[in-house]
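Enquirer: Sending over a structure as structure tokens; questions will come in a sec.
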């Protein structure tokens, strides 16, 4: 009897786990030629109905999902659809319904699998650079302070400040981490976040935290 109770509990646990993992049962509709053509026409009509917004934006908020490539978005979209009882591919993320969307390539100049420092520099500064470097262009040599001068690039924060706007950073990681650091710092090595991490053999570099506090007093 005790074994039976444990078996029942295990069975119920597995059923609950499967429900969470795979979502609700999939309900299929008839997807004939008319289904797809009507869907395409509805989408086209919706896009054509958008009215151009000519108002000046009061605020601009940039959301950066670290590692949020096409494959990650696709997986999230499918999972969302399956949780709603669909097969998954037909679901849409909220931002995919925006009137205007686009893609940006944020690869590093020296490797195909990028890191957060180089990709954030591309995203926030509009300039691609080497992996592991922050707020600098491709002229910099990784971990070499003497190559930073002249390789510094400005970011969207600098451009906004030049227009008299207020700027700020919100992050779920350290504010000196590679992704937010690209908005304000210039470093040949992303790990130089504080004075204790700076390579003692290097001369002429200041750590990322120092640059945030001393060189960027206008960031709120």
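Placement of Cβ uses the backbone N, Cα and C atoms for every residue, glycine included.
When I checked TrEMBL for this same protein, it listed these features:
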ACT_SITE  116  active site, phosphoserine intermediate
BINDING   66  Zn(2+) binding site
BINDING   66, 177, 179  Mg(2+) binding site
SIGNAL    1-23  signal peptide
Enquirer: Does anything in the same chain, at least 6 positions from residue 116 (active site, phosphoserine intermediate), have a Cβ under 8 Å from its Cβ, and if so what?
Expert: 66, 177, 178, 179, 190
Enquirer: Around residue 177 (Mg(2+) binding site), how many other C-beta atoms are within 10 angstroms of its C-beta?
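Expert: Its Cβ shell of radius 10 Å holds 19 other Cβ atoms.
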Enquirer: Using the CB centroid of 66, 177, 179 as the Mg(2+) site centre, which other residues of the same chain sit with their CB within 8 A?
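Expert: Close Cβ neighbours, site residues excluded: 64, 116, 120, 171, 173, 178, 180.
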